[in-house]
């Protein structure tokens, strides 16, 4: 094998590994209950593949805290992350209810309709409401 073939084979292997890493990223990771900030994150592998995920944690004061925490996780997997926006989530597991609303002052408003679709993959038996009202 010449250098070009070795390089090409190595790049294909790296790309396959990043595709597998992307496939392993959960679509939803949010706090089990309460009202908290959330961000939508576009997770991107080394090529053109990407997926939008939802992250929201009650222990994070700022939307940027959530993004920075998750960005580090994705970097360790060889993935990039971009944040198109955020908002708030009200999570009531007893009532099987989620409400998505508001916006992030730093990142802007996430697409709440898309957020609802993503949340429904993890919470198919929940009532999920979206609103553009409130902060």
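Quick reminder: no glycine exception, Cβ is built from N, Cα and C everywhere.
Feature annotations, courtesy of Swiss-Prot:
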ACT_SITE  63  active site, proton acceptor
BINDING   37, 104, 105, 106  substrate binding site
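Feature annotations (Swiss-Prot) mapped to structure.
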residue: 37; record: substrate binding site; CB count, 10 Å: 22
residue: 63; record: active site, proton acceptor; CB count, 10 Å: 25
residue: 104; record: substrate binding site; CB count, 10 Å: 24
residue: 105; record: substrate binding site; CB count, 10 Å: 11
residue: 106; record: substrate binding site; CB count, 10 Å: 13
(request) Provide, as an integer number of angstrom, the distance between the C-alpha atoms of residue 37 (substrate binding site) and residue 63 (active site, proton acceptor). (result) 6
(request) Could you round the CA separation between residue 105 (substrate binding site) and the residue listed as 'active site, proton acceptor' to a whole angstrom and send it over? (result) 8
(request) Rounded to the nearest Å, what's the C-alpha distance separating residue 106 (substrate binding site) and the residue listed as 'active site, proton acceptor'? Just drop the number here, would you? (result) 7
(message) Quick check: in three-state DSSP terms, what is the residue listed as 'active site, proton acceptor'?
(response) helix
(request) Using DSSP reduced to three states, classify residue 105 (substrate binding site) as helix, strand or coil. (result) coil
(request) Express the distance between the Cα positions of residue 63 (active site, proton acceptor) and residue 104 (substrate binding site) as a whole number of Å. (result) 6
(message) Around the substrate site formed by 37, 104, 105, 106, list the extra residues of the same chain whose Cβ is within 8 Å of the site's Cβ centroid.
(response) 39, 62, 63, 64, 86, 103, 107
(message) Just checking a number: largest C-alpha distance across 37, 104, 105, 106 for the substrate site, rounded to a whole Å.
(response) 12
